[in-house]
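This report concerns only the one structure given below.
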């Protein structure tokens, strides 16, 4: 019996030794002269000085480098790992820089299905965000892509099965000497150290310049359970990079990795291989050509100087302190000028009370709408700031999403998503547009009601729009209503009182009490009621060409005006309509029943919606 027990103990002991050896992986590459246990594909290659080059001067390419031995996940022991590598991203001369690179953890070394450019050779369109991707990546991204909600063009992100990062931060490091974060330019061409540590389901990412030790504080910390990402428990680690039309050279100088806690091998930073910096090629020229070039240079100096000052004035921008407070994304005027082809008439979408709107296409993004606002002294600046504030604070599916802004001399520019179907008033009053069906009108009204309810009760502050009308409502590809144009908006704290005493708005939509009581949520509700009648009747609030008694669609409104929460309940038929008489005692003793009339018109219209498939 004793001998049998001894055999069992010995077998268990050797099994544990074997299991431990399977789970622990550790290696270091001070240079990559020896490619032992490395898998390279795509444009990846090792230069004579031992530098691992991922991408070169070719466009639309991918590169992958993986350590060939896999890491086995144990069901009994949580995975932990640490890696330290030094990389350098070098743009071509005269080019802002291409796409970045990433440290990758994957169950496979086969990325033939991946795409280049913004997908970094890791992801693709068809499986973007799919759990079956089974990929964890720490990206060093040098292209701003709003489709992936990138914060800027110089950031670090943690990606799980998608290029839409679960955690992101601008490239920087914590300086223990200065006690604050110092920024890092990923495209500086200088070596950058990166540390990735995973333990107890927490992923920490740190970075620092070549000469700085590992910071005491990580740049990014994200809770991630790798067991949820990798069901087959067999992993490979390595790097991926890609180029598009824009190109950068991406290099890895040294790399150390370990799954054993505290056993990450160090390499000598002072002995790193030199990073090459591409220069423009020059051919041998004869003295005659040299003299000719000198003459042309002198002749062109004045022209170039003039062009410089002309372009400097053309694209000059203004920056003020309030912009840093709101932290919204700022576009360069040059990028917007090029996106709209110089605000060409072919991209002109329309003109409103505060400026013209143009269609434009920014680099690597969908079409955008660029509003070029009119300048009118302090009032114009207030309208511009109001929209910038709304861009930072307000997020709702029925609001036009503002993406950024620009200010240049006396011009204010706002960038938003391009709404495919234009503004609502075009579909109501333009004979060239298809007539909206009753179901479409109902969806639009309910969407704007939801947006207005959010502005009044759901945002951090009470937001008074103060200019609700059909021309300020845009329609997306599915004909959902999106409320926009916050140039007249005002903000105040919940429970507070608005200081908006000026009577602003559009005639026909303005509540009568606004002249002596100022704006409030009730005046927004009045404008919404007029808008609702306008949509259901297909008639403008004011028609000057009609007989005097028929010019104004709605003249007065009852004092018992509902809140936006009640309006939504009415629209969803979750609350019975109030029983108003045709006229009630109210302002000037002539208060007609707007919400009753609007609801009556809407109810009769909507009751036919189930059978109405054609235009109303």
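Numbers run from 1 along the shown chain.
A Cβ is built for glycine as well, from the same backbone N, Cα and C atoms used for every other residue.
In sequence order, 485, 487, 488, 489, 504, 505, 506, 509, 527 are the residues of the chain that are 6 or more apart from residue 467 (active site, proton acceptor) and have a CB within less than 8 Å of its CB. The active site, proton acceptor annotation in Swiss-Prot covers 467 and is backed by sequence analysis.
Its Cβ taken as reference, residue 351 (ATP binding site) is surrounded by 11 other Cβ atoms within 10 Å in the chains shown. Residues or ranges marked as ATP binding site by Swiss-Prot: 349, 350, 351, 352, 353, 354, 355, 356, 357, 371.
Swiss-Prot lists 343-616 with the feature domain 'Protein kinase', giving sequence analysis as the kind of evidence.
Residues annotated as N-linked glycosylation site in Swiss-Prot, with sequence analysis given as evidence: 56 (among others). In the three-state DSSP scheme, residue 56 (N-linked glycosylation site) is classed as coil. The Cβ of residue 56 (N-linked glycosylation site) lies under 8 Å from the Cβ of 43, 249, each of which sits 6+ residues away along the same chain.
Following the DSSP three-state reduction, the secondary structure of residue 124 (N-linked glycosylation site) is coil. Using a 10 Å radius centred on the Cβ of residue 124 (N-linked glycosylation site) and all shown protein chains, the other Cβ atoms total 16. Residues or ranges marked as N-linked glycosylation site by Swiss-Prot on the basis of sequence analysis: 124 (among others).
The N-linked glycosylation site feature in Swiss-Prot is assigned to 181 (among others); the stated evidence is sequence analysis. When Cβ atoms from all protein chains are considered, those within 10 Å of residue 181 (N-linked glycosylation site) total 15, not counting its own.
Its Cβ placed at the centre, residue 204 (N-linked glycosylation site) has 16 other Cβ atoms within 10 Å. Taken from Swiss-Prot, the feature N-linked glycosylation site covers 204 (among others), and the record attributes it to sequence analysis.
Marked as N-linked glycosylation site by Swiss-Prot on the basis of sequence analysis: 225 (among others). Following the DSSP three-state reduction, the secondary structure of residue 225 (N-linked glycosylation site) is coil. Its Cβ placed at the centre, residue 225 (N-linked glycosylation site) has 10 other Cβ atoms within 10 Å.
According to Swiss-Prot, the region 'Legume-lectin like' annotation covers 24-258.
Taken from Swiss-Prot, the feature signal peptide covers 1-22, and the record attributes it to sequence analysis.
Look at Swiss-Prot and you will find 23-288 tagged as topological domain 'Extracellular', backed by sequence analysis.
Taken from Swiss-Prot, the feature topological domain 'Cytoplasmic' covers 310-616, and the record attributes it to sequence analysis.
What Swiss-Prot records for 289-309 is transmembrane segment.
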Neighbour tally for residue 349 (ATP binding site), based on other Cβ positions within 10 Å of its Cβ: 16
From recorded positions 124, 181, 349, 357, the one whose Cα lies nearest residue 204 (N-linked glycosylation site): 181
Alpha-carbon spacing, residue 181 (N-linked glycosylation site) to residue 357 (ATP binding site), which is rounded to whole Å: 39
Rounded to the nearest Å - Cα separation of residue 351 (ATP binding site) and residue 124 (N-linked glycosylation site): 39
Cα distance (Å, whole number) from residue 124 (N-linked glycosylation site) to residue 349 (ATP binding site): 33
Closest of 225, 355, 357 to residue 124 (N-linked glycosylation site), Cα positions, recorded positions only: 225
Cβ packing number for residue 355 (ATP binding site), 10 Å threshold: 21
Where residue 467 (active site, proton acceptor) falls in three-state DSSP terms: coil
Cβ packing number for residue 357 (ATP binding site), 10 Å threshold: 23
